[in-house]
Amino acid sequence: MVHHEWSLSAGLCHSVPSFLYRVSLMMKPQVVFVLGGPGAGKGTQCSKIVENYNYTHLSAGDLLRAERAREGSEDGQLIANYIKEGKIVPVEITINLLKRAMEETMQKDEKKFRFLIDGFPRNEDNLQGWKKVMEGKADIKFVLFFDCSNEVCINRCLERGKSSGRTDDNRESLEKRIQTYLQSTRPIIELYEKEGKVRTIDASRSVDEVFAEVKAILEKEG
Ligand code: UDP
Ligand code: MG
């Protein structure tokens, strides 16, 4: 009897393609959303987190810029227009880039299941797209919110614009990005706030001071 059960399950294993079997062993992705105004320091702080903790940093903006630059991309021109105008790209594009990046990371190393998703979700469309594609497939641990005045945000981006080469680090684009942030992103942060999921950090201070607070939060959350 015991022998019979054993051979049955062994047979089942053989019938499942090995890559699916591997996927079934993977951990569910654990996600921290990283939000805050343009220039709040999301990217800088994410790099420091990656140096010190076992997280993979995925910046939605960076993924979109890479897709914009990819030869043969069907969405390149649309992405370019949206970024320059400070508008939020339709989520169908962004969610595919994020999902693929997460899958590729975990396929290379199944221990890499912790993600910082930086600059997403930025509006209701982003949130719905995430839910549609990722709900049940990933856990949102919490939202790291880098809180910073608009004035500090604008000045930091203008400073960054001297060398970033970004098409949106100029005064005209920045005005629009701030409006988008206030009108579309803040309500998303408030939604998560109501669920008790937001960890707010005063991001107007120096990189090291802000990181000290980030560290305290990560140690507490485990
Ligand atoms: N963007 C988007 N969807 C996203 C993330 C970024 O459409 O999920 C676009 C949007 O136009 C935004 C720009 O990319 O203004 C730059 O985003 P990024 O996160 O790089 O800017 P940051 O806030 O870090 O300065
Ligand atoms: Mg950024």
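Glycine is treated like the rest: Cβ placed from N, Cα and C.
Please treat TrEMBL annotations as automatic predictions, because they have not gone through curation.
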Inset, instruction - Given that TrEMBL annotates K87, I88, V89, G119, F120, P121, R122, R166, R177 as ribonucleoside 5'-phosphate-binding, name the residue from R65, R70, R199 that shares the site. - result: R65
Inset, instruction - Pick the one from R100, R114, R160 that TrEMBL also lists for the ATP site with G39, A40, G41, K42, G43, T44, R205. - result: R160
Legend entry - N126, R160, R205 screened against R166 (ribonucleoside 5'-phosphate binding site), Cα within 10 Å - retained binding-site residues: R160
Inset, instruction - Do me a favour and check the Cα-Cα span between K42 (ATP binding site) and N126 (CMP binding site); whole Å is fine. - result: 18
Legend entry - Distance check against G119 (ribonucleoside 5'-phosphate binding site) for the binding-site residues G39, G43, T44, R160, R205, keeping those with Cα within 10 Å: G43
Legend entry - Filtered binding-site residues, from K42, G43, P121, R166, R205, whose Cβ is under 6 Å from an atom of ligand 2: K42, G43
Inset, instruction - From the binding-site residues listed here (G41, T44, I88, R160, R166), select those whose CB sits under 6 A from an atom of ligand 1. - result: I88
